[in-house]
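Chemist: One structure, as structure tokens, below. Some questions next.
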Amino acid sequence: MCDFTEDQTAEFKEAFQLFDRTGDGKILYSQCGDVMRALGQNPTNAEVLKVLGNPKSDEMNVKVLDFEHFLPMLQTVAKNKDQGTYEDYVEGLRVFDKEGNGTVMGAEIRHVLVTLGEKMTEEEVEMLVAGHEDSNGCINYEELLRMVLNG
């Protein structure tokens with residue numbers, strides 16, 4: 001199981017309490033996915049239903065759970081988080097390959113990394129792409145991905 005630190009658990013509990021509308025330390029089943037997403041996870045609705053034990057749709061706004069029952073569900077979702085494959089990342093970057101030659105503009109990849117998804121700082125991006133740009137300012141994204149994914 002993916003164990004959380006004491007600080008993480010405290011942060012998760014604080015976020016959980018923000019969704020507790022009645023102040024009884026519980027949230028509705030229907031809020032479970034929202035809380036997980038607020039905590040940086042991205043479970044599908046099917047994954048949320050699975051960790052909740054596949055409740056009927058009419059139970060979603062009736063059944064409640066407390067933090068002690070929510071935390072193991074969050075751990076399950078975090079542990080099963082799809083990290084994506086090399087091919088997934090290549091496909092994602094191929095969208096930016098306007099010439100179809102396996103390269104993307106360095107400026108464009110920088111922009112994507114600092115503005116979309118799990119945003120990186122400009123310093124992190126510079127460290128990542130350092131030495132990968134050719135004389136035209138292009139980056140071979142397959143080569144970059146191999147370097148990133150292989151450490």
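FYI, residue positions are counted from 1 along the chain as it appears here.
Cβ atoms here come from the backbone N, Cα and C positions, even for glycine.
Got these off Swiss-Prot a minute ago, pasting:
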MOD_RES   Cys2  N-acetylcysteine
DOMAIN    7-42  domain 'EF-hand 1'
MOD_RES   Ser57  phosphoserine
MOD_RES   Lys81  N6-acetyllysine
DOMAIN    84-119  domain 'EF-hand 2'
DOMAIN    119-151  domain 'EF-hand 3'
Chemist: Mind tallying the domain 'EF-hand 3' (119-151) by DSSP state, helix then strand then coil?
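Modeler: For that range the per-state counts are 17 helix, 4 strand, 12 coil.
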Chemist: Please work out the number of neighbouring Cβ atoms within 10 Å of the Cβ of Lys81 (N6-acetyllysine), leaving out its own Cβ.
Modeler: 13
Chemist: Taking every residue in the domain 'EF-hand 3' (119-151), what is their average pLDDT?
Modeler: 92
Chemist: Taking only the Cα atoms, work out how far Lys81 (N6-acetyllysine) lies from the residue listed as 'phosphoserine', in Å, as a whole number.
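Modeler: Answer for this pair: 24 Å between alpha carbons.
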Chemist: For a three-state summary based on DSSP, what are the helix, strand and coil counts in the domain 'EF-hand 1' (7-42)?
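Modeler: Grouping H, G, I as helix and E, B as strand yields 23 helix, 3 strand, 10 coil.
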